[in-house]
């Protein structure tokens with residue numbers, strides 16, 4: 001009941017809690033005993049326009065919204081998820097006024113943009129809707145991040161031990177609760193209940209008919225436009241995104257198809273937008289026609305129940321115990337991260353289900369925190385508290401006190417007020433071209449290219465999706481791009497699947513096909529530099545340069561709050577200190593012309609064939625150039641057996657020279673491929689999150705940033721085309 005004694009009229013604002021089971025905020029809203037209940041989703045243009053998001057992530061979100069909408073309708077045939085389109089700062093107060101709301105309820109969100117958004121909403125509702133009470137509940141994490149932060153002295157948690165210490169004095173997370181059995185009708189003030197859902201939607205739409213749609217105002221820069229490297233289709237860029245032509249729908253494309261069917265257009269009012277209305281198409285963007293990982297609470301619970309049924313797997317779960325070369329058809333982990341991200345499954349349910357399985361398991365091979373499944377969930381808490389402690393600076397290096405400054409190429413650029421400029425201004429051409437090749441999966445290193453393509457196809461690119469990820473500072477290793485994957489799969493199944501042009505290469509060349517003699521390349525129907533790119537850089541040389549730069553940065557001890565960084569002097573200081581030259585523009589079409597051009601780690605021990613020396617392929621096909629060809633055959637060819645021996649020797653050399661050693665750039669000093677450690681006094685001991693470099697938690701249960709997470713373009717192996725502009729990936 002309200003203060004006046006009348007029944008509550010609740011607007012429940014869904015955000016990253018797209019589920020009905022164990023939703024503390026939703027259950028608290030229903031505990032108010034409302035006479036009217038309006039379940040709302042605000043389709044925020046900040047996510048659609050101002051945040052890099054790709055097709056796979058949008059599709060997962062839309063599927064999750066549709067699923068919860070159907071679940072609401074099952075509870076009450078007159079209800080559904082009421083999707084409104086526009087700035088929540090405008091729409092939420094308007095809905096409260098027009099629908100006679102007494103209580104605005106939502107789940108707390110501590111992520112960067114969400115914090116500022118909610119602060120603005122609280123202020124506006126208080127000013128414009130004085131009688132509306134705001135009800136917030138924590139339900140996205142096991143513990144309220146603010147409680148952990150307070151227990152840890154207002155400092156960011158940067159290790160598992162820090163999290164465990166903080167939560168040790170907190171009560172255990174509340175036990176999960178069941179989904180509600182029913183929800184009230186959405187009844188307008190002074191009106192009686194409508195007879196059916198179509199009547200409800202018509203009545204609600206009439207109340208909002210005077211609100212201007214978002215596309216009627218000046219639009220911000222669209223970071224998802226094709227010209228900015230995003231997944232928006234070029235023909236969709238006419239200064240607007242169609243879903244914002246209306247406040248409450250339907251999509252124009254949907255309306256046109258359904259115009260002949262009575263009431264069908266009305267039924268799509270307040271409906272979930274389509275990919276088409278976002279100016280996107282899955283296949284055109286390089287994604288699969290159907291989602292590999294389908295969104296929604298229904299799918300989340302189905303997947304999780306299968307995990308719980310396998311008690312041995314869950315009780316002995318340990319990460320990482322996966323192979324970086326395995327195909328992605330059968331995920332090696334539980335794939336719960338995206339569902340946790342959007343709140344399609346309760347973290348408390350996962351926590352207590354896991355504990356119950358571990359308790360009942362009788363085997364002696366149980367795993368424990370931090371490597372077990374409970375540990376993965378606690379890593380998620382660690383990152384949430386870190387973000388809460390650091391605020392907006394968590395997303396970047398500048399002004400981030402825990403993030404070490406490195407003089408990476410293509411860094412973020414800031415304006416005079418210290419705000420990041422987006423899209424990122426174009427940097428030096430050599431680095432831009434390297435990035436472009438990496439994004440497109442055309443580096444010339446098969447394992448790297450295959451990883452990129454496979455991640456894109458299943459919507460799990462750690463950088464772009466921010467759904468699951470690893471804390472990079474926990475893994476100071478320099479991996480050999482040929483020898484490392486060969487340890488796990490000498491046959492190269494992942495490469496053969498996602499780089500099909502290499503599928504007929506012998507096993508001994510699958511990770512370094514440019515070392516194969518020309519007769520082997522011809523037999524495999526793949527000429528390096530023509531059908532598959534030559535390596536874009538010398539791995540050993542670049543490793544040395546990178547370690548030297550890392551060593552210089554760690555010795556200098558610059559952080560995001562250092563005076564030198566804020567004054568813009570740190571880059572020049574570090575580059576003078578390490579003395580490494582700027583990168584050269586890559587040429588993936590050129591063939592090796594002489595032995596000295598072959599990377600040291602790939603040099604054959606028995607010499608290079610004449611064909612390999614003299615091969616002169618035309619430029620690698622792009623949208624601008626599709627020339628192909630081969631120079632005349634040399635006089636002498638190396639036999640396949642000799643070349644195989646050479647490749648094996650090259651792999652052994654790589655192991656010996658340290659290309660695949662576990663090296664620590666925190667302390668590494670590179671000297672002719674041997675690693676020594678500098679004096680400890682030159683290395684400040686800062687461990688843990690690296691700010692903008694690692695937004696997501698470590699491990700399977702890691703939950704990343706808020707809805708504003710970004711996504712880079714697909715690395716489409718089949719397209720193999722050069723984008724007009726490379727994507728502004730967050731490199732610093």
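Residue 1 is the first one shown; counting continues down the chain.
From the backbone N, Cα and C atoms, a Cβ is placed for every residue, glycine too.
Any TrEMBL annotation is an automated prediction that lacks curation.
Source: prediction; values computed, not measured.
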Correct range for region 'Disordered' (source TrEMBL, candidates 135-162, 163-190, 191-218): 163-190
Count of other CB atoms lying within 10 Å of the CB belonging to residue 378 (FAD binding site): 24
The one of 333, 376 whose CB sees the fewest other CB atoms within 10 Å, among these binding-site residues: 333
Reduced DSSP assignment, residue 382 (FAD binding site): helix
Farthest-apart CA atoms of 333, 334, 335, 336, 337, 373, 376, 377, 378, 379, 380, 381, 382, 383, residues recorded for FAD, distance in Å: 20
PLDDT averaged over the residues of the domain 'Photolyase/cryptochrome alpha/beta' (8-142): 97
Residue 337 (FAD binding site) - helix vs strand vs coil (DSSP): helix
Listed in sequence order, residues with CB under 8 A of residue 335 (FAD binding site) and six or more positions away: 293, 303
